[in-house]
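Peer 1: Handing you this structure, nothing more for now.
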Amino acid sequence: MAKAYDHLFKLLLIGDSGVGKTCLIIRFAEDNFNNTYISTIGIDFKIRTVDIEGKKIKLQVWDTAGQERFKTITTAYYRGAMGIILVYDITDEKSFENIQNWMKSIKENASAGVERLLLGNKCDMEAKRKVQKEQADKAFSSLARDILLKSGGRRSGNGNKPPSTDLKTCDKKNTNKCSLG
Amino acid sequence: MVGPEDAGACSGRNPKLLPVPAPDPVGQDRKVIRATGGFGGGVGAVEPPEEADEEEEADEEEETPPRQLLQRYLAAAGEQLEPGLCYCPLPAGQAGAPPPSAAPRSDACLLGSGSKHRGAEVADGRAPRHEGMTNGDSGFLPGRDCRDLEEARGLARAGGRESRRRRPYGRLRLEGPGDEDADGAGSPSDWASPLEDPLRSCCLVAADAQEPEGAGSDSGDSPASSCSSSEDSEQRGVGAGGPEEGAPPATSAERTNGGAEPRLGFSDIHFNSRNTFQVSRGQSARDHLPPAGPPVPLPAAEQGPAGASARARRSGGFADFFTRNLFPKRTKELKSVVHSAPGWKLFGKVPPRENLQKTSKIIQQEYEARTGRTCKPPPQSSRRKNFEFEPLSTTALILEDRPSNLPAKSVEEALRHRQEYDEMVAEAKKREIKEAHKRKRIMKERFKQEENIASAMVIWINEILPNWEVMRSTRRVRELWWQGLPPSVRGKVWSLAVGNELNITPELYEIFLSRAKERWKSFSETSSENDTEGVSVADREASLELIKLDISRTFPSLYIFQKGGPYHDVLHSILGAYTCYRPDVGYVQGMSFIAAVLILNLEEADAFIAFANLLNKPCQLAFFRVDHSMMLKYFATFEVFFEENLSKLFLHFKSYSLTPDIYLIDWIFTLYSKSLPLDLACRVWDVFCRDGEEFLFRTGLGILRLYEDILLQMDFIHIAQFLTKLPEDITSEKLFSCIAAIQMQNSTKKWTQVFASVMKDIKEGDKNSSPALKS
C-alpha cells in the first residue's frame with residue numbers, strides 16, 4: 001500500500017457515556033449527523049485525512065466506550081495515542097466533573113507528552129447548559145496546552161453548523177504539537 | 001411530421017415560459033387516443049381522449065377533493081412553503097380542517113416529492129446509459145402531474161385568482177388533454193380505489209413540493225423543468241401506446257416490470273400517475289409518498305437540451321433524500337401503485353413539443369406513409385408493448401421527427417434511428433428478461449425457504465419440543481437447529497436451551513422489578529441530595545441513568561425500544577430488575593442489546609429468566625464483569641483457533657499487532673446483535689444456544705474467513721474499522737458456510753480443552769498474550 005500521507009496520528013476520544021463522542025467523531029470523519037446512535041462497546045475507529053500546511057495528516061481516531069466499567073479495557077488503548085480528546089456534555093455537570101477522573105487516567109496510562117484537548121459537546125442545547133465556558137476555562141487553565149472548544153454535536157435546526165470545523169482547528173493544533181513534539 | 005395544426009393550436013396555449021415548441025392540440029389528442037387504446041381497458045379512471053375538450057368543466061367538477069388535499073397539505077407543511085410561493089391559495093371556506101394524520105406526513109411528502117422530483121431530473125440529465133430512465137421520469141412526472149392537476153384545479157376553482165402564480169410552472173399541463181382526461185376521469189369511485197392512494201398523495205405532495213422549489217430557487221428552473229417534464233411525459237406517452245390494448249394496466253405494468261424492482265414498478269406508476277393522479281386526488285394525502293425509486297437516469301440524449309440542462313443543474317442532494325426518505329418507508333406501496341397505472345392520456349396534457357407528442361405508433365404511421373412502405377410495424381408495436389417502461393423516452397429522440405421548423409430527417413437517417421432504437425429496445429428487453437428471471441429465481445428461493453421454515457416449524461412443535469431432553473442432542477435435531485430456528489419457536493427453544501439454572505420464577509422477576517421501580521422512584525425524588533451514601537450509590541445511580549440512556553440507543557432503527565416505543569418499558573424493566581437481581585454485575589453496556597433481542601422473541605418474564613441465565617454463563621460473566629484475565633484467556637484461546645484456521649490472516653493481523661480484543665469485545669458483549677443484521681444475529685444465537693460459547697468465537701472466525709481476502713489487503717486501522725463496523729449486506733448463507741468451514745478442533749483438542757490449557761498456561765505466568773489488554 002502506498003503511503004498516502006505524510007504523518008499519521010493516533011487520537012483517542014474519551015469521556016463519559018452519552019456525551020456524544022461517537023456523534024462527534026462521525027461528524028468529524030463523515031460529516032454527517034445522525035440522531036440514532038448506538039452505544040459504543042469496547043472501541044470504534046474512524047479515519048480522516050486532513051491537510052495541514054500542505055502536509056497530508058492521517059488521523060486515526062479511536063473512539064472508546066464511556067462506561068466506567070470499560071475503563072480497564074479502554075485504558076489499554078491510551079498507549080501510543082498522540083492526542084487525547086476529552087469530551088464532556090455541557091448540559092451534564094457530572095460529565096464535566098468526571099473530566100478530572102479522565103485526566104487522571106490519562107496521567108496513569110498515556111504516554112508522557114500526550115496532547116490533550118477538552119471539548120464541551122452539545123452546544124446546540126445552549127438553553128440547557130449547565131457547564132459554563134468560563135468554568136471549563138478556569139478549571140483547566142492550568143493545563144496549559146489544553147484548548148477549549150465547544151462543538152455542537154448536532155445541527156441546530158436547519159442550519160448545518162458542523163462541529164467539524166471546530167474540530168479541525170483543534171486537531172490542527174493538536175497534531176501540530178504532536179508533530180513538533 | 002408535425003401537422004401544421006399542431007403548431008398553431010399549441011401556441012395559443014403555451015406559456016412563453018416554456019422553452020418548448022408549442023404543443024398542438026391535435027397531436028395531443030391523437031396521442032391521447034393512442035395511449036388510451038393501449039392502456040384503456042385497464043384503467044377505469046382514464047377517460048377517453050375526447051374528454052380533453054371538457055377539461056375545464058371536469059376541473060370544476062372535481063375541484064373539491066384535490067383542493068382539500070392541497071389545503072391540508074399546505075396547512076401541514078405550511079412552514080416549509082414560502083408563503084408567497086404557495087399556489088392555489090384556497091378560499092377560506094374550503095380549507096377544511098386538515099385531518100390530523102395528514103400533517104406529519106405531509107412534511108415527509110413534501111420533502112420526498114421534491115427530492116424525488118429532483119432526483120429524477122438529475123438522473124435524467126446524467127445517466128443515459130441506464131435503462132432506468134423510466135424511473136427517473138416517473139419520479140419526475142408525478143410531481144408534474146400533481147402540479148398540473150392542482151393548477152387546473154386551482155384555476156377552475158379560484159377562477160383565475162391564483163392563475164398568476166401558477167403560471168410559471170405548468171401552464172401547459174393545464175391545457176393538456178391529459179389533464180382534462182384525468183379530471184374528467186376522476187370519478188369518485190375511482191378516487192376511492194385504494195390503489196390510487198399512494199399515488200395520489202404522492203402526486204399532491206409532489207405538486208406542492210415542486211412549487212417552492214421552482215418558485216423559490218431559480219426562476220429559470222421552473223420553466224425548464226416543466227418543459228422537461230412534459231417531454232418526459234410525452235415520451236412516456238409514446239411508450240405507453242405500446243401496451244396491448246385491453247390489457248388491464250396493472251397487468252401490463254406487472255408484466256413489464258415483472259414485479260421486479262420496486263423502482264421499475266414505481267416508475268411506471270409514475271407516469272401513469274398522470275392519469276391516476278387525478279383519480280386519486282379526491283382523497284386525502286393519507287398515504288403520502290409512494291416509495292420513490294432511486295432516480296434512474298433517463299438518457300440524456302432524449303431530453304430536450306433545455307430539459308437536460310435543467311436537470312443537470314438541479315442535481316444534488318435531492319436524489320439522496322429521495323431514496324433515503326421515501327423509498328425505505330413505502331416499499332409496500334409499490335405494488336398498489338403499479339396497479340393504478342392507468343392510461344397514458346394524461347400525457348396529452350403536457351404537449352410541450354410537437355415531436356414529443358407523437359407516440360411511436362403515430363410516428364411509425366407517418367413514417368410509413370411517407371416512405372410508402374410498411375416498416376415492420378406490427379412486430380414492433382407488439383414488441384413495444386412489453387416495453388412501455390423504458391424505451392419510451394428513447395423513442396422520443398430517436399423515432400420522432402424533427403420539429404416542423406427544422407428540416408426533416410432524411411430517410412436514411414430516420415431508418416438508422418429506427419434501427420438504433422430497435423436495438424436499444426431489444427437490449428432493454430433482454431435486460432428485463434434477465435432480471436425477471438433473476439427475480440423469479442429469488443422468489444422461488446424465498447418460497448422454498450418459507451416452506452422449509454413452515455415444515456421445520458411443524459417438526460419443532462410436534463416432535464422436538466414435546467421431547468426436548470431426549471431429542472435436543474440427536475443428530476437430526478442438531479442439523480435442523482443449524483438451519484436456523486423458525487421464528488415462532490425460536491424463543492421457546494432459546495429458553496429451553498439456555499435453561500434456568502438460577503431457578504428464577506416469574507414471581508421472582510416481579511419482586512426484583514418492583515424493587516427496581518422503588519429505586520427509580522426514590523432516585524428521581526432525591527436526585528440531588530444523595531451524596532451521603534458515597535460512591536456505591538452514585539455508581540448505582542449512574543447505572544440507572546445509563547440504562548435510560550442506552551435504551552434509546554438500542555436498535556434505534558427499529559423504533560420500538562425508544563421512548564414511546566412499544567418495548568421501551570419492557571426493556572427498561574428487565575435491565576432494571578437485573579441490576580437489582582445482580583448488583584454485583586450491575587448494568588454494563590451491551591446488555592441492552594441482549595435483553596432487546598430476547599424481548600423480541602420472548603415474553604417479558606421469560607425474557608428476564610433467559611437474560612439472567614444467559615449472563616450467568618462463564619463467558620458472559622467474565623465479559624460483563626470485565627474480568628480482564630478471563631477475557632484474556634478467551635482471546636488467547638480464540639487466537640489458537642484463529643491461527644489454526646486462518647493462518648495467513650492471523651499473521652497479517654500479527655504483523656500489525658492487531659489483537660482480537662479490538663473486534664471481539666463488541667462481538668462478544670452483544671452476542672453479535674449489534675454488529676450483524678438482526679436476523680442473522682438471531683441465527684447466530686440459535687446455534688450459540690446449541691453449542692455454547694465456543695460458537696461465539698467460531699462465528700468470529702467465520703466472519704474473518706468471510707472477509708479474509710479483503711482484510712488481507714488492509715492495514716491496521718482499516719481492518720479495525722472494518723471489523724468494528726461490518727458491511728450491512730452480509731448474508732446468512734455466506735456467513736454460515738464460512739462458519740461451517742471453521743474447524744473448532746485444534747489438532748485433537750476441542751475448544752474447552754484448549755481453553756483449559758490456556759488457563760493453565762496463564763496461571764503459570766505466561767502473561768503476554770494479548771498486550772492490548774494488559775494494563
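Quick reminder: no glycine exception, Cβ is built from N, Cα and C everywhere.
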Peer 1: What residue among B:Thr256, B:Thr374, B:Thr748 has an entry for phosphothreonine in Swiss-Prot?
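Peer 2: Of B:Thr256, B:Thr374, B:Thr748, Swiss-Prot lists B:Thr748 as: phosphothreonine.
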Peer 1: Consult Swiss-Prot and report the residue, out of B:Ser138, B:Ser280, B:Ser747, annotated as phosphoserine.
Peer 2: B:Ser747
Peer 1: Going by Swiss-Prot, point out which residue in B:Ser113, B:Ser315, B:Ser340 is annotated as phosphoserine.
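Peer 2: Matching B:Ser113, B:Ser315, B:Ser340 against Swiss-Prot annotations yields B:Ser315.
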Peer 1: Report the mean pLDDT of the predicted model across the coiled coil (B:409-452), rounded to a whole number.
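Peer 2: Across the residues of the coiled coil (B:409-452) the model's pLDDT averages 90 on the 0 to 100 scale.
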